[in-house]
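These notes are about the structure you will find just below.
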Number of protein chains: 2
Amino acid sequence: MATGRTHRPATRSRGIPEATVARLPLYLRALTALSERSVPTVSSEELAAAAGVNSAKLRKDFSYLGSYGTRGVGYDVEYLVYQISRELGLTQDWPVVIVGIGNLGAALAGYGGFASRGFRVAALIDADPAMTGKPVAGIPVQHSDDLEKIINEDGVSIGVIATPAGVAQQVCDRLVAAGVTSILNFAPTVLSVPDGVDVRKVDLSIELQILAFHEQRKAGEETSAEEGPDAGAEPEAAAVAPPAPRGATGSTGRKGPDGDVPAVMPA
Amino acid sequence: MATGRTHRPATRSRGIPEATVARLPLYLRALTALSERSVPTVSSEELAAAAGVNSAKLRKDFSYLGSYGTRGVGYDVEYLVYQISRELGLTQDWPVVIVGIGNLGAALAGYGGFASRGFRVAALIDADPAMTGKPVAGIPVQHSDDLEKIINEDGVSIGVIATPAGVAQQVCDRLVAAGVTSILNFAPTVLSVPDGVDVRKVDLSIELQILAFHEQRKAGEETSAEEGPDAGAEPEAAAVAPPAPRGATGSTGRKGPDGDVPAVMPA
DNA sequence: CGCTGTGAAAGAGTTCACAGCG
DNA sequence: CGCTGTGAACTCTTTCACAGCG
(Lines of atoms letter the chains of each structure in order from A and count residues from 1; the text may use other names and numbers.)
(Lines give C-alpha, C1' and ligand atoms only; values in the text may rest on other atoms or scores of the structure.)
Protein backbone atom coordinates (compact mmCIF):
# COMPACT_ATOMS: atom_id res chain seq x y z
CA MET A 1 0.00 0.00 0.00
CA ALA A 2 1.03 3.61 -0.15
CA THR A 3 2.76 4.78 -3.20
CA GLY A 4 6.28 5.35 -2.06
CA ARG A 5 7.42 2.07 -0.78
CA THR A 6 5.30 0.70 1.88
CA HIS A 7 4.83 -2.88 2.76
CA ARG A 8 8.57 -3.16 2.68
CA PRO A 9 9.49 -5.58 -0.04
CA ALA A 10 12.34 -6.27 2.33
CA THR A 11 10.36 -9.23 3.50
CA ARG A 12 10.99 -12.01 5.95
CA SER A 13 12.29 -9.58 8.48
CA ARG A 14 14.19 -11.77 10.85
CA GLY A 15 12.91 -14.94 9.37
CA ILE A 16 9.32 -14.54 10.41
CA PRO A 17 7.12 -14.34 7.34
CA GLU A 18 4.81 -11.38 7.10
CA ALA A 19 1.76 -13.60 6.98
CA THR A 20 2.77 -15.14 10.26
CA VAL A 21 3.35 -11.78 11.89
CA ALA A 22 -0.14 -10.77 10.89
CA ARG A 23 -1.54 -13.75 12.75
CA LEU A 24 0.46 -13.43 15.93
CA PRO A 25 -1.92 -10.82 17.38
CA LEU A 26 -4.74 -13.25 16.77
CA TYR A 27 -3.00 -15.99 18.67
CA LEU A 28 -2.08 -13.58 21.38
CA ARG A 29 -5.67 -12.57 21.88
CA ALA A 30 -6.85 -16.15 22.06
CA LEU A 31 -4.06 -17.01 24.47
CA THR A 32 -4.84 -14.03 26.66
CA ALA A 33 -8.41 -15.18 26.95
CA LEU A 34 -7.22 -18.65 27.95
CA SER A 35 -4.81 -17.14 30.40
CA GLU A 36 -7.62 -15.27 32.08
CA ARG A 37 -9.50 -18.47 32.47
CA SER A 38 -6.35 -19.90 34.00
CA VAL A 39 -6.04 -22.58 31.38
CA PRO A 40 -2.49 -23.86 31.72
CA THR A 41 -1.91 -25.45 28.32
CA VAL A 42 -3.48 -25.70 24.90
CA SER A 43 -3.01 -27.97 21.95
CA SER A 44 -2.45 -26.50 18.52
CA GLU A 45 -5.85 -27.81 17.60
CA GLU A 46 -7.67 -25.97 20.37
CA LEU A 47 -5.77 -22.76 20.01
CA ALA A 48 -6.19 -22.81 16.27
CA ALA A 49 -9.93 -23.14 16.68
CA ALA A 50 -9.99 -20.23 19.09
CA ALA A 51 -8.00 -18.09 16.72
CA GLY A 52 -9.92 -19.12 13.66
CA VAL A 53 -7.13 -20.74 11.70
CA ASN A 54 -6.19 -24.33 11.04
CA SER A 55 -3.80 -26.15 13.28
CA ALA A 56 -1.15 -26.90 10.68
CA LYS A 57 -0.83 -23.22 9.94
CA LEU A 58 -0.59 -22.41 13.61
CA ARG A 59 2.11 -24.94 14.25
CA LYS A 60 4.05 -23.74 11.27
CA ASP A 61 3.69 -20.17 12.50
CA PHE A 62 4.95 -21.07 15.93
CA SER A 63 7.83 -22.99 14.47
CA TYR A 64 9.22 -19.69 13.21
CA LEU A 65 9.32 -18.41 16.75
CA GLY A 66 11.08 -21.45 18.12
CA SER A 67 10.09 -24.73 19.70
CA TYR A 68 7.83 -23.54 22.43
CA GLY A 69 5.54 -26.54 22.65
CA THR A 70 5.71 -29.88 24.38
CA ARG A 71 5.03 -32.94 22.28
CA GLY A 72 2.16 -34.97 23.51
CA VAL A 73 0.94 -32.06 25.56
CA GLY A 74 0.67 -28.75 23.78
CA TYR A 75 1.74 -25.21 24.57
CA ASP A 76 2.13 -23.54 27.93
CA VAL A 77 -0.29 -20.64 27.74
CA GLU A 78 1.57 -18.16 29.91
CA TYR A 79 4.84 -18.88 28.31
CA LEU A 80 3.48 -18.45 24.83
CA VAL A 81 1.75 -15.22 25.76
CA TYR A 82 5.07 -13.94 26.85
CA GLN A 83 6.98 -15.13 23.82
CA ILE A 84 4.52 -13.72 21.36
CA SER A 85 4.28 -10.44 23.22
CA ARG A 86 8.00 -10.15 23.13
CA GLU A 87 8.15 -11.02 19.47
CA LEU A 88 5.58 -8.38 18.68
CA GLY A 89 7.41 -5.83 20.73
CA LEU A 90 4.66 -5.46 23.28
CA THR A 91 6.88 -5.85 26.29
CA GLN A 92 7.61 -2.20 25.93
CA ASP A 93 4.77 0.22 25.54
CA TRP A 94 4.41 2.37 22.52
CA PRO A 95 3.22 5.91 22.75
CA VAL A 96 0.80 6.64 19.93
CA VAL A 97 -0.66 9.89 18.68
CA ILE A 98 -4.03 10.11 17.02
CA VAL A 99 -4.43 12.92 14.54
CA GLY A 100 -7.91 14.01 13.57
CA ILE A 101 -10.36 13.87 16.43
CA GLY A 102 -13.63 13.65 14.59
CA ASN A 103 -16.12 10.90 15.18
CA LEU A 104 -13.65 8.24 14.25
CA GLY A 105 -10.70 9.72 16.08
CA ALA A 106 -12.80 9.96 19.21
CA ALA A 107 -13.87 6.38 18.82
CA LEU A 108 -10.28 5.30 18.48
CA ALA A 109 -9.22 7.38 21.47
CA GLY A 110 -11.81 5.61 23.56
CA TYR A 111 -10.99 2.19 22.27
CA GLY A 112 -10.11 -0.01 25.20
CA GLY A 113 -7.82 -2.37 23.37
CA PHE A 114 -5.52 0.57 23.04
CA ALA A 115 -4.52 1.25 26.59
CA SER A 116 -3.83 -2.38 27.07
CA ARG A 117 -1.77 -4.49 24.72
CA GLY A 118 1.27 -2.28 24.92
CA PHE A 119 -0.06 0.93 23.47
CA ARG A 120 -0.63 4.25 25.15
CA VAL A 121 -2.40 7.21 23.67
CA ALA A 122 0.24 9.88 24.12
CA ALA A 123 -1.77 12.64 22.53
CA LEU A 124 -4.84 13.56 20.55
CA ILE A 125 -4.26 16.16 17.88
CA ASP A 126 -6.73 18.15 15.85
CA ALA A 127 -6.52 21.13 13.58
CA ASP A 128 -9.74 22.68 14.81
CA PRO A 129 -8.97 25.36 17.42
CA ALA A 130 -12.40 24.80 18.90
CA MET A 131 -11.33 21.31 19.87
CA THR A 132 -8.12 22.34 21.58
CA GLY A 133 -8.17 21.62 25.27
CA LYS A 134 -11.42 19.72 25.06
CA PRO A 135 -11.01 16.33 26.68
CA VAL A 136 -11.89 13.32 24.59
CA ALA A 137 -11.88 9.99 26.33
CA GLY A 138 -10.21 11.75 29.20
CA ILE A 139 -7.37 13.15 27.15
CA PRO A 140 -7.23 16.82 26.23
CA VAL A 141 -7.02 17.50 22.51
CA GLN A 142 -3.99 19.47 21.41
CA HIS A 143 -3.70 21.71 18.44
CA SER A 144 -1.93 20.47 15.38
CA ASP A 145 0.45 23.40 15.45
CA ASP A 146 2.21 21.57 18.24
CA LEU A 147 2.40 18.28 16.40
CA GLU A 148 6.15 18.25 16.00
CA LYS A 149 6.73 19.25 19.57
CA ILE A 150 4.44 16.53 20.87
CA ILE A 151 6.04 13.85 18.75
CA ASN A 152 9.47 14.81 19.90
CA GLU A 153 8.77 15.22 23.56
CA ASP A 154 7.07 11.89 23.89
CA GLY A 155 9.33 10.06 21.50
CA VAL A 156 6.35 8.88 19.52
CA SER A 157 7.08 6.58 16.64
CA ILE A 158 3.57 5.41 15.79
CA GLY A 159 0.92 7.73 14.45
CA VAL A 160 -2.73 7.14 13.65
CA ILE A 161 -4.31 9.27 10.96
CA ALA A 162 -8.05 9.72 11.28
CA THR A 163 -8.39 12.95 9.36
CA PRO A 164 -10.38 13.62 6.21
CA ALA A 165 -8.70 12.24 3.10
CA GLY A 166 -7.87 15.67 1.82
CA VAL A 167 -5.35 16.43 4.53
CA ALA A 168 -4.07 12.94 5.25
CA GLN A 169 -0.98 13.22 3.10
CA GLN A 170 0.16 16.45 4.63
CA VAL A 171 -0.46 15.19 8.13
CA CYS A 172 1.49 12.11 7.17
CA ASP A 173 4.37 14.19 5.88
CA ARG A 174 4.53 16.16 9.09
CA LEU A 175 4.41 13.04 11.22
CA VAL A 176 7.19 11.48 9.23
CA ALA A 177 9.29 14.63 9.29
CA ALA A 178 8.86 14.73 13.04
CA GLY A 179 10.16 11.22 13.40
CA VAL A 180 7.19 8.90 13.19
CA THR A 181 8.11 5.71 11.38
CA SER A 182 4.88 3.72 11.54
CA ILE A 183 1.52 4.98 10.44
CA LEU A 184 -1.93 3.54 10.69
CA ASN A 185 -4.08 5.28 8.14
CA PHE A 186 -7.85 5.45 8.37
CA ALA A 187 -8.24 8.06 5.68
CA PRO A 188 -9.30 6.70 2.31
CA THR A 189 -6.18 7.75 0.45
CA VAL A 190 -2.96 6.21 -0.64
CA LEU A 191 -0.18 7.74 1.40
CA SER A 192 3.30 8.03 0.09
CA VAL A 193 6.09 7.81 2.54
CA PRO A 194 9.85 7.48 2.31
CA ASP A 195 11.61 4.18 2.66
CA GLY A 196 11.79 2.90 6.18
CA VAL A 197 8.36 4.12 7.12
CA ASP A 198 5.60 1.54 7.42
CA VAL A 199 2.04 2.33 6.58
CA ARG A 200 -0.94 0.16 7.19
CA LYS A 201 -4.37 1.18 6.16
CA VAL A 202 -7.81 0.46 7.41
CA ASP A 203 -10.48 1.27 4.93
CA LEU A 204 -14.13 0.71 5.47
CA SER A 205 -15.26 1.17 1.93
CA ILE A 206 -12.66 -1.18 0.56
CA GLU A 207 -13.80 -3.89 2.92
CA LEU A 208 -17.40 -3.33 1.98
CA GLN A 209 -16.60 -3.47 -1.68
CA ILE A 210 -14.84 -6.76 -1.26
CA LEU A 211 -17.88 -8.10 0.54
CA ALA A 212 -20.12 -6.78 -2.19
CA PHE A 213 -18.07 -8.63 -4.76
CA HIS A 214 -18.61 -11.94 -3.04
CA GLU A 215 -22.18 -11.11 -2.25
CA GLN A 216 -22.90 -10.46 -5.89
CA ARG A 217 -21.26 -13.70 -6.82
CA LYS A 218 -23.42 -15.60 -4.37
CA ALA A 219 -26.53 -14.09 -5.88
CA GLY A 220 -25.42 -14.91 -9.40
CA GLU A 221 -24.34 -18.40 -8.57
CA GLU A 222 -27.29 -19.83 -6.70
CA THR A 223 -27.08 -22.81 -9.00
CA SER A 224 -23.87 -24.74 -9.52
CA ALA A 225 -22.84 -24.45 -5.91
CA GLU A 226 -19.91 -26.75 -6.40
CA GLU A 227 -17.76 -25.11 -8.98
CA GLY A 228 -17.81 -26.77 -12.33
CA PRO A 229 -14.92 -29.14 -12.99
CA ASP A 230 -13.70 -27.21 -15.97
CA ALA A 231 -14.89 -23.65 -15.37
CA GLY A 232 -15.93 -23.24 -18.98
CA ALA A 233 -14.90 -20.45 -21.28
CA GLU A 234 -16.23 -17.07 -20.28
CA PRO A 235 -19.37 -17.21 -18.16
CA GLU A 236 -20.73 -13.70 -17.76
CA ALA A 237 -21.52 -13.05 -14.12
CA ALA A 238 -25.12 -12.20 -13.41
CA ALA A 239 -27.31 -10.52 -15.94
CA VAL A 240 -27.04 -7.13 -14.38
CA ALA A 241 -25.44 -4.66 -16.70
CA PRO A 242 -25.71 -3.55 -20.31
CA PRO A 243 -23.08 -4.59 -22.87
CA ALA A 244 -20.53 -1.81 -22.70
CA PRO A 245 -21.00 1.95 -22.67
CA ARG A 246 -17.78 2.73 -24.46
CA GLY A 247 -16.46 6.22 -24.84
CA ALA A 248 -18.77 8.02 -22.42
CA THR A 249 -15.87 10.35 -21.87
CA GLY A 250 -15.82 12.68 -18.88
CA SER A 251 -19.03 14.24 -17.67
CA THR A 252 -19.78 12.51 -14.42
CA GLY A 253 -18.09 15.49 -12.80
CA ARG A 254 -19.58 16.10 -9.37
CA LYS A 255 -16.92 17.23 -6.97
CA GLY A 256 -17.21 15.97 -3.43
CA PRO A 257 -16.46 17.90 -0.27
CA ASP A 258 -13.14 16.23 0.13
CA GLY A 259 -10.25 15.23 -2.03
CA ASP A 260 -11.90 11.89 -2.26
CA VAL A 261 -15.19 10.87 -3.80
CA PRO A 262 -17.10 8.12 -5.50
CA ALA A 263 -20.00 8.36 -7.92
CA VAL A 264 -20.14 4.97 -9.42
CA MET A 265 -22.93 3.88 -11.67
CA PRO A 266 -23.51 4.37 -15.34
CA ALA A 267 -26.35 1.93 -15.99
CA MET B 1 -10.64 -15.28 9.83
CA ALA B 2 -13.61 -16.42 11.79
CA THR B 3 -13.62 -19.90 13.10
CA GLY B 4 -16.30 -21.58 11.09
CA ARG B 5 -15.24 -21.24 7.56
CA THR B 6 -14.74 -17.78 6.49
CA HIS B 7 -12.50 -16.64 3.75
CA ARG B 8 -14.05 -19.29 1.62
CA PRO B 9 -11.43 -21.80 0.68
CA ALA B 10 -13.50 -22.02 -2.44
CA THR B 11 -11.11 -19.63 -4.03
CA ARG B 12 -10.78 -18.23 -7.51
CA SER B 13 -14.41 -17.35 -7.57
CA ARG B 14 -15.06 -16.76 -11.24
CA GLY B 15 -11.46 -16.69 -12.11
CA ILE B 16 -10.58 -13.43 -10.44
CA PRO B 17 -8.01 -14.12 -7.74
CA GLU B 18 -8.80 -12.90 -4.27
CA ALA B 19 -5.71 -10.73 -4.20
CA THR B 20 -6.91 -8.97 -7.29
CA VAL B 21 -10.39 -8.45 -5.92
CA ALA B 22 -8.87 -6.79 -2.89
CA ARG B 23 -7.14 -4.28 -5.11
CA LEU B 24 -10.04 -3.42 -7.36
CA PRO B 25 -11.46 -0.92 -4.87
CA LEU B 26 -8.10 0.79 -4.84
CA TYR B 27 -8.05 1.12 -8.59
CA LEU B 28 -11.62 2.26 -8.56
CA ARG B 29 -10.86 5.04 -6.16
CA ALA B 30 -7.90 6.24 -8.17
CA LEU B 31 -9.94 6.08 -11.35
CA THR B 32 -12.80 7.97 -9.79
CA ALA B 33 -10.44 10.76 -8.85
CA LEU B 34 -9.17 10.88 -12.42
CA SER B 35 -12.68 10.85 -13.72
CA GLU B 36 -13.53 13.87 -11.62
CA ARG B 37 -10.64 15.70 -13.10
CA SER B 38 -11.99 14.67 -16.47
CA VAL B 39 -8.86 12.78 -17.39
CA PRO B 40 -9.89 10.64 -20.37
CA THR B 41 -7.23 7.93 -20.30
CA VAL B 42 -4.45 6.58 -18.10
CA SER B 43 -1.53 4.33 -18.67
CA SER B 44 -0.98 1.38 -16.40
CA GLU B 45 2.06 3.20 -15.08
CA GLU B 46 0.18 6.31 -14.03
CA LEU B 47 -2.76 4.50 -12.59
CA ALA B 48 -0.52 2.13 -10.72
CA ALA B 49 1.30 5.04 -9.15
CA ALA B 50 -1.99 6.61 -8.09
CA ALA B 51 -3.15 3.36 -6.56
CA GLY B 52 0.14 2.59 -4.91
CA VAL B 53 0.97 -0.64 -6.69
CA ASN B 54 3.34 -1.49 -9.51
CA SER B 55 2.24 -1.45 -13.08
CA ALA B 56 2.89 -5.08 -13.85
CA LYS B 57 0.58 -6.09 -11.07
CA LEU B 58 -2.07 -3.70 -12.23
CA ARG B 59 -1.95 -4.94 -15.78
CA LYS B 60 -2.14 -8.51 -14.61
CA ASP B 61 -5.08 -7.65 -12.42
CA PHE B 62 -6.92 -5.99 -15.26
CA SER B 63 -6.18 -8.89 -17.51
CA TYR B 64 -8.46 -11.00 -15.33
CA LEU B 65 -11.31 -8.64 -16.06
CA GLY B 66 -10.78 -8.68 -19.78
CA SER B 67 -8.89 -6.63 -22.32
CA TYR B 68 -10.09 -3.18 -21.49
CA GLY B 69 -7.03 -1.20 -22.52
CA THR B 70 -5.75 0.14 -25.78
CA ARG B 71 -2.19 -0.67 -26.70
CA GLY B 72 -0.02 2.33 -27.17
CA VAL B 73 -2.56 4.46 -25.32
CA GLY B 74 -3.75 3.13 -22.00
CA TYR B 75 -7.13 2.68 -20.39
CA ASP B 76 -10.28 4.70 -20.89
CA VAL B 77 -11.03 6.05 -17.44
CA GLU B 78 -14.81 6.12 -17.60
CA TYR B 79 -15.03 2.75 -19.15
CA LEU B 80 -12.78 1.19 -16.56
CA VAL B 81 -14.69 2.83 -13.74
CA TYR B 82 -17.77 1.19 -15.08
CA GLN B 83 -16.22 -2.21 -15.60
CA ILE B 84 -14.70 -2.36 -12.17
CA SER B 85 -17.85 -1.08 -10.53
CA ARG B 86 -19.79 -3.77 -12.24
CA GLU B 87 -17.31 -6.43 -11.33
CA LEU B 88 -17.47 -5.37 -7.70
CA GLY B 89 -21.22 -5.35 -7.76
CA LEU B 90 -21.52 -1.64 -7.19
CA THR B 91 -23.92 -1.02 -10.00
CA GLN B 92 -26.62 -2.03 -7.62
CA ASP B 93 -26.75 -0.48 -4.21
CA TRP B 94 -26.44 -2.53 -1.12
CA PRO B 95 -28.45 -1.78 1.96
CA VAL B 96 -26.28 -2.14 5.03
CA VAL B 97 -27.17 -2.23 8.70
CA ILE B 98 -24.82 -1.09 11.41
CA VAL B 99 -25.26 -2.76 14.75
CA GLY B 100 -23.82 -1.11 17.82
CA ILE B 101 -24.07 2.66 17.74
CA GLY B 102 -21.35 3.63 20.14
CA ASN B 103 -18.57 5.97 19.24
CA LEU B 104 -17.41 3.76 16.45
CA GLY B 105 -20.83 2.91 15.12
CA ALA B 106 -21.65 6.60 14.99
CA ALA B 107 -18.44 7.31 13.16
CA LEU B 108 -19.26 4.63 10.63
CA ALA B 109 -22.79 5.89 10.20
CA GLY B 110 -21.45 9.29 9.35
CA TYR B 111 -18.77 8.05 7.04
CA GLY B 112 -19.22 9.67 3.69
CA GLY B 113 -17.72 6.92 1.61
CA PHE B 114 -20.68 4.88 2.65
CA ALA B 115 -23.53 6.67 1.01
CA SER B 116 -21.58 6.78 -2.18
CA ARG B 117 -19.89 3.79 -3.75
CA GLY B 118 -22.97 1.68 -3.87
CA PHE B 119 -23.81 1.35 -0.21
CA ARG B 120 -26.72 2.71 1.72
CA VAL B 121 -27.13 2.71 5.46
CA ALA B 122 -30.49 1.02 5.76
CA ALA B 123 -30.60 1.11 9.54
CA LEU B 124 -28.71 1.75 12.71
CA ILE B 125 -29.37 -0.72 15.46
CA ASP B 126 -28.48 -0.60 19.12
CA ALA B 127 -29.45 -2.57 22.18
CA ASP B 128 -29.64 0.45 24.45
CA PRO B 129 -33.26 1.61 24.77
CA ALA B 130 -32.02 5.09 25.54
CA MET B 131 -30.62 5.28 22.03
CA THR B 132 -33.81 4.20 20.30
CA GLY B 133 -35.23 6.90 18.13
CA LYS B 134 -32.26 9.16 18.59
CA PRO B 135 -30.94 10.26 15.22
CA VAL B 136 -27.30 9.58 14.48
CA ALA B 137 -25.92 11.03 11.30
CA GLY B 138 -29.48 11.81 10.38
CA ILE B 139 -30.73 8.27 10.80
CA PRO B 140 -32.86 7.27 13.76
CA VAL B 141 -31.46 4.43 15.82
CA GLN B 142 -33.69 1.40 16.10
CA HIS B 143 -33.80 -1.09 18.88
CA SER B 144 -32.16 -4.43 18.44
CA ASP B 145 -35.38 -6.23 19.23
CA ASP B 146 -36.42 -5.33 15.73
CA LEU B 147 -33.25 -6.56 14.11
CA GLU B 148 -34.84 -9.45 12.28
CA LYS B 149 -37.73 -7.35 11.06
CA ILE B 150 -35.41 -4.67 9.75
CA ILE B 151 -33.18 -7.11 7.93
CA ASN B 152 -36.12 -8.74 6.28
CA GLU B 153 -38.02 -5.66 5.29
CA ASP B 154 -35.07 -4.03 3.66
CA GLY B 155 -33.60 -7.19 2.21
CA VAL B 156 -30.30 -6.44 3.88
CA SER B 157 -27.51 -8.85 3.12
CA ILE B 158 -24.56 -6.94 4.54
CA GLY B 159 -24.17 -6.22 8.22
CA VAL B 160 -21.58 -4.21 10.10
CA ILE B 161 -20.87 -5.16 13.68
CA ALA B 162 -19.55 -2.37 15.86
CA THR B 163 -20.61 -3.72 19.21
CA PRO B 164 -18.44 -4.63 22.18
CA ALA B 165 -16.63 -7.92 21.70
CA GLY B 166 -18.75 -9.66 24.29
CA VAL B 167 -21.93 -9.53 22.27
CA ALA B 168 -20.50 -9.65 18.77
CA GLN B 169 -21.02 -13.36 18.28
CA GLN B 170 -24.64 -13.30 19.30
CA VAL B 171 -25.33 -10.29 17.15
CA CYS B 172 -23.61 -12.10 14.34
CA ASP B 173 -25.76 -15.17 14.87
CA ARG B 174 -28.92 -13.12 14.74
CA LEU B 175 -27.83 -11.31 11.63
CA VAL B 176 -27.02 -14.56 9.92
CA ALA B 177 -30.24 -16.17 11.03
CA ALA B 178 -32.12 -13.20 9.64
CA GLY B 179 -30.49 -13.63 6.27
CA VAL B 180 -27.34 -11.55 6.28
CA THR B 181 -24.58 -13.27 4.33
CA SER B 182 -21.74 -10.78 4.55
CA ILE B 183 -20.41 -9.30 7.73
CA LEU B 184 -17.88 -6.64 8.43
CA ASN B 185 -16.70 -7.08 11.97
CA PHE B 186 -15.12 -4.31 14.00
CA ALA B 187 -15.32 -6.13 17.30
CA PRO B 188 -12.07 -7.70 18.41
CA THR B 189 -13.31 -11.27 18.33
CA VAL B 190 -13.20 -14.20 16.01
CA LEU B 191 -16.70 -14.78 14.71
CA SER B 192 -17.88 -18.13 13.65
CA VAL B 193 -20.36 -18.32 10.89
CA PRO B 194 -21.82 -21.07 8.77
CA ASP B 195 -20.58 -21.84 5.30
CA GLY B 196 -21.65 -19.37 2.72
CA VAL B 197 -21.34 -16.38 4.98
CA ASP B 198 -18.38 -14.08 4.47
CA VAL B 199 -16.77 -12.26 7.32
CA ARG B 200 -14.15 -9.60 7.06
CA LYS B 201 -12.66 -8.01 10.08
CA VAL B 202 -11.15 -4.67 10.84
CA ASP B 203 -9.13 -4.65 13.97
CA LEU B 204 -7.27 -1.67 15.30
CA SER B 205 -5.17 -3.45 17.83
CA ILE B 206 -4.04 -6.08 15.37
CA GLU B 207 -2.87 -3.42 12.98
CA LEU B 208 -1.03 -1.62 15.72
CA GLN B 209 0.63 -4.79 16.86
CA ILE B 210 1.86 -5.49 13.37
CA LEU B 211 3.28 -2.00 13.22
CA ALA B 212 4.91 -2.49 16.60
CA PHE B 213 6.57 -5.63 15.35
CA HIS B 214 8.21 -3.81 12.49
CA GLU B 215 8.95 -0.82 14.64
CA GLN B 216 10.76 -2.97 17.12
CA ARG B 217 12.72 -4.56 14.37
CA LYS B 218 13.79 -1.19 13.05
CA ALA B 219 15.03 -0.21 16.49
CA GLY B 220 16.86 -3.47 16.97
CA GLU B 221 18.43 -3.44 13.56
CA GLU B 222 19.95 -0.02 13.35
CA THR B 223 23.23 -1.76 12.66
CA SER B 224 23.46 -4.49 10.09
CA ALA B 225 20.87 -2.87 7.90
CA GLU B 226 21.34 -5.61 5.38
CA GLU B 227 20.26 -8.76 7.10
CA GLY B 228 23.06 -10.99 8.24
CA PRO B 229 23.84 -13.80 5.84
CA ASP B 230 23.28 -16.57 8.32
CA ALA B 231 20.90 -15.21 10.93
CA GLY B 232 22.79 -16.89 13.73
CA ALA B 233 21.29 -19.21 16.28
CA GLU B 234 18.89 -17.44 18.59
CA PRO B 235 19.49 -13.71 18.62
CA GLU B 236 17.56 -12.19 21.49
CA ALA B 237 15.63 -9.22 20.15
CA ALA B 238 16.35 -6.05 22.03
CA ALA B 239 17.60 -6.29 25.58
CA VAL B 240 14.23 -5.68 27.05
CA ALA B 241 12.94 -8.73 28.79
CA PRO B 242 14.15 -11.37 31.19
CA PRO B 243 15.10 -14.85 29.99
CA ALA B 244 11.85 -16.73 30.30
CA PRO B 245 9.29 -16.68 33.09
CA ARG B 246 8.25 -20.27 32.71
CA GLY B 247 5.27 -21.65 34.54
CA ALA B 248 3.92 -18.40 35.95
CA THR B 249 0.58 -20.12 35.72
CA GLY B 250 -2.61 -18.09 35.98
CA SER B 251 -2.60 -15.00 38.10
CA THR B 252 -2.56 -12.24 35.59
CA GLY B 253 -6.29 -12.39 36.10
CA ARG B 254 -7.75 -8.93 35.77
CA LYS B 255 -11.05 -9.23 34.03
CA GLY B 256 -11.88 -6.44 31.64
CA PRO B 257 -15.27 -4.86 31.22
CA ASP B 258 -15.93 -6.92 28.18
CA GLY B 259 -15.44 -10.46 27.02
CA ASP B 260 -12.22 -9.31 25.58
CA VAL B 261 -9.10 -8.13 27.33
CA PRO B 262 -5.39 -7.77 27.11
CA ALA B 263 -2.86 -7.44 29.87
CA VAL B 264 0.29 -8.29 28.14
CA MET B 265 3.59 -7.91 29.84
CA PRO B 266 5.27 -10.24 32.24
CA ALA B 267 8.63 -8.63 33.13
C1' DC C 1 7.00 3.55 -31.18
C1' DG C 2 4.44 3.05 -26.81
C1' DC C 3 1.89 0.51 -24.00
C1' DT C 4 -1.01 -3.46 -23.16
C1' DG C 5 -1.63 -8.31 -22.36
C1' DT C 6 0.42 -12.47 -20.94
C1' DG C 7 3.32 -16.67 -20.82
C1' DA C 8 6.86 -18.21 -17.90
C1' DA C 9 9.79 -17.89 -13.78
C1' DA C 10 10.30 -16.75 -9.13
C1' DG C 11 8.64 -16.18 -4.60
C1' DA C 12 5.20 -16.54 -0.64
C1' DG C 13 2.09 -18.85 1.86
C1' DT C 14 -0.62 -22.98 2.86
C1' DT C 15 -1.51 -27.72 3.43
C1' DC C 16 -0.14 -32.44 3.82
C1' DA C 17 1.54 -36.09 6.20
C1' DC C 18 4.55 -38.17 9.15
C1' DA C 19 8.90 -38.75 11.91
C1' DG C 20 9.96 -38.56 16.41
C1' DC C 21 9.91 -36.60 21.24
C1' DG C 22 7.86 -36.58 25.84
C1' DC D 1 0.01 -42.77 22.47
C1' DG D 2 -0.70 -37.79 21.48
C1' DC D 3 0.82 -33.90 19.76
C1' DT D 4 4.54 -31.01 18.09
C1' DG D 5 7.74 -29.68 14.55
C1' DT D 6 8.84 -29.80 9.79
C1' DG D 7 10.30 -31.40 4.99
C1' DA D 8 7.95 -31.67 0.81
C1' DA D 9 4.10 -30.83 -2.30
C1' DC D 10 1.07 -27.70 -3.76
C1' DT D 11 -1.37 -23.39 -4.56
C1' DC D 12 -1.54 -18.53 -4.87
C1' DT D 13 0.71 -14.16 -5.88
C1' DT D 14 4.10 -11.30 -7.75
C1' DT D 15 7.50 -10.11 -10.95
C1' DC D 16 9.85 -10.43 -15.29
C1' DA D 17 10.28 -9.67 -19.91
C1' DC D 18 8.66 -9.45 -24.31
C1' DA D 19 5.48 -10.41 -28.31
C1' DG D 20 2.42 -7.93 -30.76
C1' DC D 21 -1.47 -4.56 -31.47
C1' DG D 22 -2.93 0.17 -32.45
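Quick reminder: no glycine exception, Cβ is built from N, Cα and C everywhere.
Nobody curates TrEMBL annotations by hand; they come from automatic prediction.
According to TrEMBL, the features are:
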DNA_BIND  A:26-65  DNA-binding region
DOMAIN    A:89-190  domain 'CoA-binding'
BINDING   A:Gly100, A:Ile101, A:Gly102, A:Asn103, A:Leu104, A:Gly105  NAD(+) binding site
REGION    A:217-267  region 'Disordered'
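On the structure: features taken from TrEMBL.
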residue: A:Gly100; record: NAD(+) binding site; Cβ contacts under 8 Å, 6 or more apart: A:Ile125, A:Asp126, A:Ala127, A:Ile161, A:Ala162, A:Thr163, A:Pro164, A:Val167, A:Val171, A:Phe186, A:Ala187
residue: A:Ile101; record: NAD(+) binding site; Cβ contacts under 8 Å, 6 or more apart: A:Ala109, A:Leu124, A:Ile125, A:Asp126, A:Met131, A:Val136, A:Val141, A:Ala162
residue: A:Gly102; record: NAD(+) binding site; Cβ contacts under 8 Å, 6 or more apart: A:Asp126, A:Ala162, A:Thr163, A:Pro164
residue: A:Asn103; record: NAD(+) binding site; Cβ contacts under 8 Å, 6 or more apart: none
residue: A:Leu104; record: NAD(+) binding site; Cβ contacts under 8 Å, 6 or more apart: A:Ala162, A:Phe186
residue: A:Gly105; record: NAD(+) binding site; Cβ contacts under 8 Å, 6 or more apart: A:Ile98, A:Val99, A:Leu124, A:Asp126, A:Val136, A:Val160, A:Ala162, A:Thr163
Note = Model confidence over the domain 'CoA-binding' (A:89-190), as mean pLDDT, sits at 96
Task = By DSSP assignment, list the helix, strand and coil residue numbers for the domain 'CoA-binding' (A:89-190), in that order.
result = 37 helix, 29 strand, 36 coil
Ask   = Taking CB atoms only, which of the binding-site residues A:Gly100, A:Ile101, A:Leu104 fall under 8 A from chain B?
value = A:Leu104
